[in-house]
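The heme b binding site feature in TrEMBL is assigned to His381. According to TrEMBL, the feature domain 'EF-hand' maps to 860-895, 896-931. Here TrEMBL flags 1258-1365 as domain 'FAD-binding FR-type'. The annotation transmembrane segment is assigned in TrEMBL to 641-663, 1035-1055, 1067-1092, 1122-1143, 1170-1196, 1208-1229, 1235-1254.
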Amino acid sequence: MESVLWRGRRKEKRFPGVFIFSLCILGFIARTNGQVERPSIPFNVPSSYIEKQRYDGWYNNLAHPDWGSTESVLTRKTPASYADGVYMMAGQDRPSPRVLSQAFMKGSDGLPSARNRTAMLAFFGQVVSSEILQASEAGCPIELHKIPIEQCDEMFDKECKGGRYIPFKRAGYDRNTGQSPNNPREQLNYVTSWIDGSFVYSTSEARLNMLRSFKNGTFLADPDDPHMPPRNTRRIPMDNHPTPHVLKILPPERMFWRTSITGIHLGPRPHHPVALEFLFRVGDEDVFQRARRHVIASLQVGDEDVFQRARRHVIASLQVGDEDVFQRARRHVIASLQNIILYEFVPAFLGEQVDPYLGYKPEVYAGISHVFQSAAFRFGHTLLPPGLYRRDPGPDCPFVSSQTGHLAMRLCSTWWDATDSMANSTMEQLMRGLASQIAEREDHVLCSDVRNKLFGPLEFSRRDLGALNIMRGRDNGLPDYNTVRKCFNLPQVQTWQGINPHLARTDPEIFQQLQKLYEDNLSNIDLYVGGMLESHEGPGALFRAIIKEQFTRLRDADRFWFENEDNNMFTYDEIEEIRKIRLWDIIVNASSVSPDDIQRNVFFHLDGDVCPQPMQLNASSMEPCPYLQGFDYFRDSEIAYIYSCILLIAVPIIIAGAGYATVKLQNSRRRKAKMHQEELANGRSVDKMMVKEWLHQNYKRIVKVKFGPKEELSTVNRKDEKLRTVSLQDIQSLSVEVTQDSHRKPMVLVRVPKDHDLVLEFGSETSRRKFLNKLEQLLKSHNKQMEVVHAFKEEMLANAETNERRKKRLEHFFREAYALTFGLKPGEKRILDDSSNDVSLVMRTSLSKKEFARALGMRPDEVFVKRMFNIVDKDGDGRISFQEFLNTVVLFSKGSTDDKMRIIFDMCDNDKNGVIDKNELSEMLRSLVDIAKTQKLSDFEVDQLIDGMFKSSGLKENEALTYDDFKKLMRESNGDIIAIGLDCKGAKQNFLDTSTNVARMASFHVNEIRDLNRHWLLKKYDLLATYLEENRQNVFYLVVFYVITVALFCERFIHYSFMSEHTDLRHIMGVGIAITRGAAASLSFCYCLLLLTMSRNLLTRLKEWSLQQYIPIDSHIQFHKIVATTALFFSLLHTVGHLVNFYHVSTQPLENLRCLTKEISFNSDEKPTFAFWLFGTLTGVTGIILFVIMCIIFIFAHPIIRKKAYKYFWAAHQLYVFLYIFSLAHGLARLTGAPRFWIFFVFPGVVYMIDKIISLRTRYMEHDIIETELLPSDVVKIKFYRPPNFKYQSGQWVRLSCTAFRQSEYHSFTLTSAPHENFLSCHIKAQGPWTWKLRKFFDPHNYIPDEENPPRLRLEGPYGGGNQDWYKFEVAVMVGGGIGVTPYASILNDLVFGTSTNRYSGVACKKVYFLWICPTHRQFEWFIDVLREVEKNDVTNVLEMHIFITQFFHKFDLRTTMLYICENHFQQLSDRSMFTGLKAINHFGRPDMTAFLKFVQKKHHYVSKIGVFSCGPNPLTKSVSSAVENVNTGRRLPYFIHHFENFG
């Protein structure tokens, strides 16, 4: 409500006294018109004949409707004289206004008016000023200027600190002005220029309606006193500034009224329990700022009320409506006010009569002039006394003392506090006192209460009215004193003394000082200074001319002037009656002041008038003024600000903790499910016990010991991951040592034969006893015994061979072997620790078969391990000594080919008879195949391989091989055997360089073309050019994105820094608002752009159009992340910036906040704290919600949460709906500007909504599952019906959900079926919670068919993938890693089908190289079946495949070399791999992508570009991208273009 009614009215000067006169006018009319029963206004005249005068002043002049209206510009009667000719303050070369005030307006109080003008005249002048003028209110933005104060100023710098200033705010102005010298700044008048009773009725009809009862044309009345206005319980906006001595703003209801027998009384109700004070409602919103004006306003309202009551019986008899009565009474009140002001007040003020009224002049402009507002009418300030008399009725004229016992109330004690000042005063007391009190002398001196102690803001609670008046003239661009005289047809003064010859004779020093301060420049004197110095027993000639001209124009230009008979408002007789009304009539008729209590001419107190004042008041004889020298506007905001900062930091921490807890919860659930499955598989639960495992002196860990169910004892961690297993199979008796120390924690050491010891610590003896009982029960269940040995703790731990100690010893073991092998002396350059001080200890160390297998990275039961262990263990004692191991390492590192060949022969000769038969060779081959973890060979395939090897070596007739035959068999591989070694990948000190373990690819070798003379700078240029060319689209769009983002930031930053001059945001918030608004624009763009990156259907369609070659659509996920990260940065910048901005806002006074925004109404009794801005505004609340949502979305998008707790990641991302809703609502409050988020949101939002609607076509369609199959490596194949009209391309993907569980949770999977097939299929690897649940659901052991409600799949898509453009390249290289081969199952089938049947005329592919990189074949046997089918159908040989097994040993390892030999023989014999049965060649190790691409480039030099497609984990994509960049660096054709998809 306040925002509707508030008009931003603020007075620069607030003098108590306006309120008294307002109650009197209508009472006078009721009495002077004779009897009440015979009212003078003819009620029988229809209201339609009389025009209603608007409250806002519009349409008074029909030709110029806006003349004299509210917020009209002041008129210039003199040329503007701004410093720059446009808007800068005038007089910048003039002295400080405070210095001028001290020099010319400082003087003694207590000099009476030369013509006996009363204080009533001085304070009634404020009523007149409020009626026609309000042009000193601070504009928006608030332009603060500083009035310098001289050091050691008697009032403002008593401590002589210097640097002090008086704050001054420039007045509001028309924004369409101040743009050029031809259009200088023009200030606004916020009230009507007409004398229309606006200080009673208001200039807003909405505000007036809050004051009316709408019954019988009356105002609302106080329920407890019908004669008085009601209390302001509706909280109509009133000027309610904080009082300096209270240090806070009081409630606006604090004043209420009551009548007494003697008259109207102001103050607390006697029966009220607490002496609270209340304001009551009147038309002028700032009427309560001073006691005297407070009383005058009450007189006017009372006058209106008396008039209405006098005519109630006429209303009933003539059936006149409420509005008619109200408007008739209003016209009479306005007429009375016009008469008093122009024909009583103005002559008394000027000392001369105004010209007679000659009729309405529509050509006359009624606006208030600058010189009148800023200088001339301010002459009345010199009449203001330093105090106020109050007088009771009675012939002896009893004057009332103040509460402090002084003769009168001190003026400076009543600023902004009319109610408190009058708590013990009646209206009549003040009226009598003002009528008796003589005003101050009409001269250039201002009393100290207004010159030194004028009210100001709380941070500077006292100001100088004289200095402010001078400054106001400069603010309005007034010309100098002489120029104004010329404009008003007065002669210019030629000498300083010519300003006031009388004053020059009595006080010549003042003009000498004036001459000095103005540097002897008569044409540079401030108008107010010169006009005040003219004063002699009243305003000087210049001020009289200005004031008289102003009031004459107001009268002549007013179409509703009471003397204008043409407006049909009053008859001639009524006009004559109105002309007789004086202010004395108003006071006497509307209050209990008797006619004999005051003189008839209340503006003068002459000899013989009643009750003269006791003495002329002097400030020195009255109470001192309170002086508050500072105020902290941030008070009451400290706690809210601190907690807001804590909230800003705590929210992401709390959400991150929630994300961490979510991951832990999901892990816990999986562990419990795994344990449950184990229990189901074992048929019973396993005994468990929590203990501490002792590893070494400084480290213990909490583990869980599991007893059984097999013949084993195992320890697991808190994640239920197995740490160690103690096998009990090969022992009959288990030795257990227990400590016997009575005052130490009990411990147990389990001696494990041929393995390190297990040392456990228990919290109590009971726990250890429980452990021993369970262990004994486990052993007895398997017919074994337990032997318990007692020992002391120190001795037991000293002899304990723990895992940690064993590891360190073995590390030292391998390190010494390496040092000795490569020529280092034992102990040289080796790292020693406590467990390896003595080298002889290493010499005594031996390896068990299990430790030897672990060093080789294999299992102890593998054939290769057994054979190799037997060869190394020369003495056959079942352990490998240091010397035996060293001899073997030296042999492999430095031995001859014959020695290495002998080792291979001995490994194959299992029975040690000196020959190798076919069975022994077959067993070794099977072991090698098993090592490679490939498909097992059949007996026929093994026999075929061996026969082929024998045949190729000329040994076809042999059934066994001697050593010489074996060498003949291996002669083709002598080159490979020379370099073989032993890859001890399980030992930290290895004997082969595994960092370059790329596969042997001799067939792809390309001779390097070296440019030895090429300058290094050119090589760097080639690298840069290649990178930019390879990523030109990505770089281009990233540059475009960041250019737009930064440009949006800079545009808003510049706008709010330099171009928002009409808002106070920049002034209050500083550069922070420019930063936050710039960040808001950038983050709005980023968040809306995210919608386009997730419009999957749009992206899919773009990939099918030619436009896709100009847009890197394959990188939309990466771009999505980049945009989101950028949005996060600007969001944090925006959040932190506003935290600082609203700190600044919270430090501002209420009047500054009204300029901050027009969209929020502020209560007049409180200043909004930081908590209000944060929790009480739409912007603040939505900002908090947005910050929380943003934190949830970004934190739950972390890769760990996305992988471990996908459903929570997906649920968090669904909050994007609320993110955009609250973003749209965030700016609706318009605190810092008009909302702009919708501008960025409209297009992406519409596109995204259409995209989602398209997805709904298939989202809720349920498709029957044809078959499911569980495949190795946790892969499940799902085959389901293809929807009608479902079209897709090979390489595309869909989003699936299962109706059996989590129907709303969709996950993305690549289609492995080809487009020509009439079904759809996906191969899904179980990695996250949903995929594991899917696999377990379709596990034949768990699956229970439901005929009535079988599980079905829901489908979204298809969507474009990075591999779907394969058909556009004549030559393509496809690289699949791990489960990333799934798109190629569809692509290769589609390729072969299309090329073999000639159905695809648009397919450009002539050659495709497919590289499959996988750890082992066994994990992807299902894909081998796919490749086998592809090879079968590839009749055109368009496809060439290579398989790389990466989970293997070094390329020169003995095992790898033997596999290569066998594979080569098998390929020569059967034209297929012995591991996969495919024509594809198997390689062991990582592919050398750079060499391979160079080979392809050389072979297909006739094409311009080659497409490289990869799908798999990030390291694979990076490797392929790096190889593509390296090859493209050569700047040779063909050029490689990389398309990729990532997962994980």
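Cβ atoms are placed via backbone N, Cα and C, with glycine included.
Note that this is a predicted model, so its numbers are computed, not measured.
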**Prompt:** Hey, which of 641-663, 1035-1055, 1122-1143 has the most Cβ-Cβ pairs under 8 Å against the transmembrane segment (1170-1196)?
**Reply:** 641-663
**Message:** Across the domain 'EF-hand' (896-931), what are the DSSP residue counts per state (helix, strand, coil)?
**Reply:** 26 helix, 2 strand, 8 coil
**Distal contacts, the transmembrane segment (1035-1055) - CB-CB under 8 A, six or more residues away** = 1028, 1074-1075, 1077-1082, 1084-1086, 1089, 1111-1112, 1119, 1122-1123, 1126, 1130
**Item:** Candidates 641-663, 1067-1092, 1208-1229; stretch with most C-beta pairs under 8 Å toward the transmembrane segment (1235-1254)
**Value:** 1067-1092
**Complete:** Beyond a gap of at least 6 residues from its ends, the CB atoms lying under 8 Å from the transmembrane segment (1208-1229) belong to 659, 662, 666, 1084, 1087, 1090, 1157, 1159-1160, 1177-1179, 1182-1183, 1185-1186, 1189-1190, 1192-1193, 1195-1197, 1201-1202, 1235-1238, 1241, 1245, 1305-1306
**Item:** Arithmetic mean of per-residue pLDDT over the domain 'EF-hand' (896-931)
**Value:** 73
